[in-house]
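A short write-up of the structure that comes next.
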């Protein structure tokens, strides 16, 4: 039966393209031209390939023996500087050579001259033979067909369905019905309804870093070989996607972080975290707010009173270590100020603030407007400029803080007081000038106060 399937199946060309790999195999090999006499003042980091201060004509003669021949000479025009002379394409190529603990002529740095020359010959050969091919590599990508997106779709879908099933089971267990829903305030009901919406598909740019691949590697965007000895391409630090540097410019903003690349919860980019864990908001925000609302809304000075810093650090480490399994219950942390402190610390530790640097000026400008209607309209526009994951988290936090103000008689925390606490926590000035940042503090407070008071209108 398997044979029949094979016979009737249509022919499909190989996914991975071998042309550039074959070219790398054909590239000239390095041939060191050694100096037969002892050279005075030879730098200790060069070997017998160093010939001292010889002329270009003598260099040409020494290298004419074969393609890939190389030597190092001291420049006659600029004594104290060194040149790597390399035979390629029946010509001598001269490159200014540098050393800072590693050898380099460009961006790449090498442990040995031999590796530098090997990589250089591969690059010269491929770029000479396949310049037109390389220029067109990105035209017909395989990325959307068999690449990263497809490979990650099934696990994400299964986990998402598990989340939806868990929500449904919780409803049945608690016996929710129309009567209980009517008893909810409109504020809480809206937040509850939004909780049950499907997890949105947030866009996230890939976090590409130059990477050295050990062994042959192929680009997961264009399917072509990634040539060279080191720094052959880039790798996404969040999802592990491997592509050519030029292909990285074409990859869509669809990074789906792998949990093995996301090592912690605190100090992690917010969008990266929610995509890695397939959640609407960071787990820290959801879990801390649930805990605070279950036992802390009447606590005097909620969010204003500081918790014990060592225990707040314990909560942080628990989230970094255990994620959503972190225990922040009353049995572990009786003082609710420890939980509020951990939540504030999460926002302070974000590398990109909840109200992002890009959106910051728009929020500050809205706070300066005197006309209330125009102010809200401008604030609404500012919210639209936030990344979706940031906006959703801000919405959830403001709905929570609005509920905190409903208990103001007991906890003494008004929208104004909460603005004082959360203004500098959620917003950080992109200005390096400390005086300019200091002048913005009152507007930061006002922004948060306005967001809390008008939460039902703005979100």
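Quick reminder: no glycine exception, Cβ is built from N, Cα and C everywhere.
The stretch that Swiss-Prot tags with zinc finger, taken from the ranges 205-255, 256-306, 307-357, 358-408, is 205-255.
Note: the CA-CA distance between residue 304 (site 'Arginine finger') and residue 340 (phosphothreonine) rounds to 9 Å. Residue counts for the zinc finger (205-255) under DSSP, split into helix (H, G, I), strand (E, B) and coil, are 4 helix, 14 strand, 33 coil. Sorting each residue of the domain 'SH2' (49-135) by its DSSP state yields 30 helix, 26 strand, 31 coil. When secondary structure is read from DSSP and collapsed to three states, residue 304 (site 'Arginine finger') falls in the coil class.
Sequence-distant neighbours of residue 340 (phosphothreonine) (same chain, six or more apart, CB under 8 Å from its CB) are 288, 292, 296, 302, 303, 305, 307, listed in sequence order. DSSP gives residue 340 (phosphothreonine) a helix state.
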